[in-house]
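Read through the structure below, which is laid out as structure tokens, and then see the notes.
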DNA sequence: TAGTGTGAAGACCTTCACAGCG
DNA sequence: CGCTGTGAAGGTCTTCACACTA
């Protein structure tokens, strides 16, 4: 049995599983607060919004922490998941770009709790540098490398305008950071020892719009399977197609939805 | 060939493809702005940060819009993708919860462009109701259903504290909304004709922390495959394990990282 | 000839269903 | 008995590699 456990933890928890562990953790914390001490995969799955077989398989990647016929011990699971996610240490986070979004993030409560600590704020605008936000001084971006090293920042949140993001990204990487959460609407190019995760408002909205449109089609149009496009079978783009494109309030202009 | 095209568009573009279309669109818009009129799958793939075979397969789900030996016409592809995503109409979006985050979102530029229009802001706090943000009046949450119907809102952004999110969610659904972008750190439970997408800060950070920890282990510990847990092989949680848990600055307290 | 569109192979993920254990 | 842990089956997504064509 020890055999199987070490095998399980050995190398590599599937990425899909890693992405769900925080959900389980949150659900478990809620239960712990409500005084629940034991939970079945079924109940925990419901609380986390997943299928219970999936939950069991996910947990089995961490080890065999349940008790057959009983369920999982809430506190113990919390500890194991926290440990696996690296939340038993705390991580110094820097936020770069203190515009609307950066400010909101700095003040965001759920940040500070749970193993993350905002350790530095940066901006390029002399107007903002020196401001006091969420108990922190906004530093000038020139200090980036020095401060990151000094305060041992290991995770950086990029909340700059799109145009600045790649440059900022390169600089934090050269300062030794390998984990980046990017709010700017650009694809950052990095070498593959660097982890980038991206949060992108307009992409999420566009995905919703796609499905919303589908639903609308299904209602009115029914399964009509309407004609393909405005008939211009060859590639030449007839002026009126582009015209109709232009007349839509903003199909193309300024994608650079600034992240600040 | 027309046969194949209609088949392709017929039912269902894979979800993974839908999630990437906005990326392609953004890359294409950048190119169009720079005056590029034609692009190969290879170049577009690089710009969007994906593999070119994947890009071609993705685009093939929309139809056969490329020219062999040449590439894709930038403007035409922009039109087709915009159309597929439903961006040739514009969508009225409401933001609920005008705290830090809600404010930042309301002021977020990339929102307004590109087919989305913030049509209403709501909050429960009488203190904020009546405020003027980004050219909009903040309405009281009591007006929710009426205003949503009146202004034909079809996408709702929830930026309330966690505790309020489910209730708000139920109300917007009862008002006929079926597309929700949720920033509150809770799993919303909805019937499956409703699309919910979720943006969750602390989950993203936790995923980064996981990988960061792995990288750190690999460095120092090397491939040591250290001993499992603090030796307590049975489920009984030895007091010192819990003790060490408690001593960590915040492994558990207040997960309710309020979204405002 | 350069580059798309796509079968086929394979990696990854989910779900089922049940053996096996506490 | 009840519930976990997991083989096996079935999906979905990615990637390769090349036939095909403008």
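Glycine residues also receive a Cβ, built from the backbone N, Cα and C atoms like all the rest.
According to TrEMBL, the DNA-binding region annotation covers A:23-62. Residues or ranges marked as domain 'CoA-binding' in TrEMBL: A:86-187. As annotated by TrEMBL, NAD(+) binding site applies to A:97, A:98, A:99, A:100, A:101, A:102.
Contacting chain B by the Cβ rule (under 8 Å between Cβ atoms), the binding-site residues A:97, A:98, A:101 reduce to A:101. Take the CB of residue A:100 (NAD(+) binding site) and look out to 10 A: across all protein chains shown you find 22 other CB atoms.
Sequence-distant contacts of the DNA-binding region (A:23-62), counting only residues of its own chain at least 6 positions beyond either end whose CB sits under 8 Å from a CB of the stretch, comprise 8-9, 13-14, 17, 70-75, 77-78, 80-82, 84-85, 87. Here the binding-site residues are A:97, A:99, A:102; the one with the fewest Cβ atoms within 10 Å of its Cβ is A:99.
Here the DNA-binding region (A:23-62) is broken down by DSSP into helix, strand and coil counts: 28 helix, 2 strand, 10 coil.
Break the domain 'CoA-binding' (A:86-187) down by DSSP state and the numbers are 35 helix, 29 strand, 38 coil. The Cβ neighbour count for residue A:101 (NAD(+) binding site), using a 10 Å radius over every protein chain in view, is 27.
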